[in-house]
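Participant: Questions regarding the structure given below will be posed in turn.
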Amino acid sequence: ADKAASGVLTKLPQKQIQEMKEAFSMIDVDRDGFVSKDDIKAISEQLGRTPDDKELTAMLKEAPGPLNFTMFLSDKLSGTDSEETIRNAFAMFDEQENKKLNIEYIKDLLEDMGNNFNKDEMRMTFKEAPVEGGKFDYVKFTAMIKGSGEDEA
């Protein structure tokens, strides 16, 4: 996987590589070059969520090995996140476990994570999103972006 990713790196614009590095750096809290259980716990706590050890272990098991920048980049470029993986990422913030999140909370998360969305970008991001009564239905959204059309509500 490392060779394939390095080959892709030479073809990517420097700006895109830099954006990917910044995204990885936000996740790699201890800056050791790998995403660890402690990194995931720290970033979750920054976002107001405290996952237990079982949840953290389950998240790390989704990766085929230690997650370094090259592996992170390969995953992002191949777009291989499964529907379940994406749903699980949203579920981390779903304290009511009702498969819905407050849309304002999602917008705040995006702003807090340094994505620098302006109002127009934020509006466009959620223009087609399944939002009813201020609640973002992440199961429907995930099915929509992955093209499964499944509705597991």
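Each residue's number is its place along the chain shown, starting with 1.
Here the Cβ of each residue, glycine as well, is placed from N, Cα and C on the backbone.
Marked as Ca(2+) binding site by Swiss-Prot on the basis of sequence analysis: Asp28, Asp30, Asp32, Asp39. Taken from Swiss-Prot, the feature domain 'EF-hand 1' applies to 15-50, supported by sequence analysis. What Swiss-Prot lists as domain 'EF-hand 2' is 81-116. What Swiss-Prot records for Ala1 is blocked amino end (Ala).
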Participant: Restricting to the same chain and to residues at least six past its boundaries, which positions have a Cβ under 8 Å from a Cβ of the domain 'EF-hand 1' (15-50)?
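Facilitator: Residues packing against the domain 'EF-hand 1' (15-50) from afar: 9, 56-57, 59-60, 63, 66-69, 72-73, 76, 92-93, 95, 109, 112-114.
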Participant: Looking at the domain 'EF-hand 1' (15-50) alone, can you tell me the average pLDDT?
Facilitator: 84
Participant: Near the Ca(2+) site, what residues other than Asp28, Asp30, Asp32, Asp39 in the same chain have a C-beta no further than 8 Å from the centroid of the listed C-beta atoms?
Facilitator: Ile27, Val29, Arg31, Gly33, Phe34, Val35, Ser36, Asp38
Participant: Report, as a single number, how many Cβ atoms besides its own are within 10 Å of the Cβ of Asp28 (Ca(2+) binding site).
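Facilitator: A 10 Å sphere around the Cβ of Asp28 (Ca(2+) binding site) contains 21 other Cβ atoms.
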Participant: Taking every protein chain shown into account, which of the binding-site residues Asp30, Asp32, Asp39 has the largest tally of Cβ atoms within 10 Å of its Cβ?
Facilitator: Asp39
Participant: Would you mind pulling the DSSP three-state label for Asp39 (Ca(2+) binding site)?
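Facilitator: The three-state answer is helix.
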Participant: Helix, strand or coil: which one is Asp30 (Ca(2+) binding site) in, per DSSP?
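Facilitator: SS state of Asp30 (Ca(2+) binding site) = coil.
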